[in-house]
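Database features (TrEMBL):
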type     : residues : note
DOMAIN   : 17-138   : domain 'Acyl-coenzyme A oxidase N-terminal'
BINDING  : 144, 183 : FAD binding site
DOMAIN   : 284-445  : domain 'Acyl-CoA oxidase C-alpha1'
ACT_SITE : 430      : active site, proton acceptor
DOMAIN   : 539-639  : domain 'Acyl-CoA oxidase C-terminal'
Ligand SMILES: CCCCCCCCCC/C=C\CCCCCC(=O)SCCNC(=O)CCNC(=O)[C@H](O)C(C)(C)COP(=O)(O)OP(=O)(O)OC[C@H]1O[C@@H](n2cnc3c(N)ncnc32)[C@H](O)[C@@H]1OP(=O)(O)O
Ligand SMILES: Cc1cc2nc3c(=O)[nH]c(=O)nc-3n(C[C@H](O)[C@H](O)[C@H](O)COP(=O)(O)OP(=O)(O)OC[C@H]3O[C@@H](n4cnc5c(N)ncnc54)[C@H](O)[C@@H]3O)c2cc1C
């Protein structure tokens, strides 16, 4: 019934203060109040309706996205929200909170602006950022090409310096050098940060960033030498098709020399290449920034799916009725708990590790300003590894949440198919997850190889300093509750990661050609990298479910024995029983509105069946009793068959 809270009985079981947990989840009382305010404004604004997307064609869907983005920007200005978040939060988050679907603004604020902030000189920032902040220009991040995405050093677009005119000539020498994928590029962006090979006097200086205008600010038509468009439909129906991922080729397009981003390297008027003594990898800085953002984003996406699946699992009853009594809530089945509660824990774990990663990124950014590059490798390894770990777990977790909701999870009105389709490219964009884990593995193998030189490992690899101890380690767990001690869990995860990494390093040393060895052992190296990244994220419930899932590693590396593994599993079941009364309250703490969740199964009031039934009739197929095509194609067939039968 309308207005009745069908989940009140669940909410009354909570053993903690949900309002306090809402502040913890939001990060601060101010952020909670602001995000609560925005989410309610969005839910009450008809421009931001989401329930019509599945029925729109691509052009209507895209036009509707532009309308939402424009309205969102107007509302951010009207409400003077600009700048209200912490200084680190770009406008993107405010717009993203309003628009809540992939849109060109993600890349304008999430990559174009950070690229200029991170790689532009002070003068270039003073010129371009005010235009970008006021959205007088709209930018994108054009790095990936048809032929290369992971291998940035393999990019083919060229930027050739012309000393006669003090310009760079941007050119696409081959079909595979076509820029391909950049979000916002296909139909909207007026400018791009383009990554191209810097060529001076025939010498190739590698990949650098250049600001290039793509379209006229008067009539939005492509400028001379620019061929540009959308790359076509992507996975899912609405999903990422609200974004104009584009294709772009250059035919000898000229830009002024001062549009090469020159914080890291410079080209003088005479055509001299100057590389200040900073790591060339700073040109990758924007990717590092977005990877750490993607970790926080993973906790948001996973928590949305977990919220839906948890509330629905508390509403859904199946089997177990005695003497005509109520059937069992599926959330009470241990199998449902063993699939759902680790995801609930993961959402919180990723939320907190995302906060830690933001601290690490902020710290490394401050150090870079002081020319201190000492933590750059750690920042690269952590952002790459945690982006990979959290996006893989989240994509798999959203799909698991769909399955946890049975048949109704497969309905668009559950919100889960769309959430999955929008989310899964996160395992690919900003770095393919395997490629990134191999970067982590390089960092780990290098750390182990330097131990003998007295190089003390720091940061997230500090545990490697206790290698001798970890290689001798065997857990002294005697009873299930021993697994509740954080240090007991941590030591097991440290020992597992250390042993897997050392095993790889020892096997690598058997190869005369290290690169050949690295390729041959890549699968093992990826597993060692995952073990290291999981160590970073580890928290109690999350940790024990991981330990159970990867029990083979822990036993094969000798960290624990089968008996201790079964004690961990016993403790896990005990934890599930402790989580059970708090499950609905833990997802209420995310403070998501029904509008934001976009899910009938995840409704706050749990009033699922009447709303599912009501929603079904809205489908356009139900506009007519006899569907179009029936009389044309099927009825003649039926009648013919009937006639044949009477003969
Ligand atoms: C809404 C607001 C927006 C905010 C974001 C919100 C997020 C959530 C929503 C997201 C919305 C939209 C996002 C979609 C955006 C998607 C955009 C893109 O996809 S942009 C393109 C992304 N492309 C990539 O990630 C390419 C991946 N490849 C690479 O990074 C590199 O090619 C490589 C690292 C794999 C290899 O680089 P290479 O130069 O060949 O280096 P080596 O492997 O040889 O290593 C040499 C040396 O350098 C170190 N290194 C490498 N990378 C870095 C780095 N980034 N920082 C620091 N150091 C680095 C490496 O460790 C080696 O060190 P050694 O000491 O020599 O071992
Ligand atoms: C939705 C979406 C949005 C995007 N937005 C942008 C954007 O705004 N700007 C932009 O510049 N780009 C963007 N991209 C492109 C994205 O960054 C690349 O697709 C991504 O970096 C992966 O590169 P790739 O496509 O070349 O994959 P590939 O590297 O070709 O991957 C193919 C397979 O090869 C494997 N592989 C590759 N190299 C190795 C190796 N050395 N060892 C082992 N295995 C390997 C991978 O693991 C994978 O299984 C976007 C992509 C998507 C899907």
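Using N, Cα and C of the backbone, Cβ positions are placed for all residues, glycine too.
Here the structure is a predicted model, which means the values were calculated and not measured.
On the structure: features taken from TrEMBL.
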residue : record                       : DSSP (3 states)
144     : FAD binding site             : coil
183     : FAD binding site             : coil
430     : active site, proton acceptor : coil
- line: One residue among the recorded positions 144, 183, 430 has the fewest other C-beta atoms within 10 A of its C-beta, namely 144
- line: Whole-number mean pLDDT, the domain 'Acyl-CoA oxidase C-alpha1' (284-445), equals 96
- request: Measure from the CA atom of residue 183 (FAD binding site) to the CA atom of the residue listed as 'active site, proton acceptor' and give the result in Å, rounded to a whole number.
  value: 12
Message: As a quick check of your reading of DSSP, tell me how many residues in the domain 'Acyl-CoA oxidase C-terminal' (539-639) are helical, how many are strand and how many are coil.
response: 70 helix, 0 strand, 31 coil
Message: Let's see if you can do this one: DSSP helix, strand and coil counts over the domain 'Acyl-coenzyme A oxidase N-terminal' (17-138), in that order.
response: 88 helix, 0 strand, 34 coil
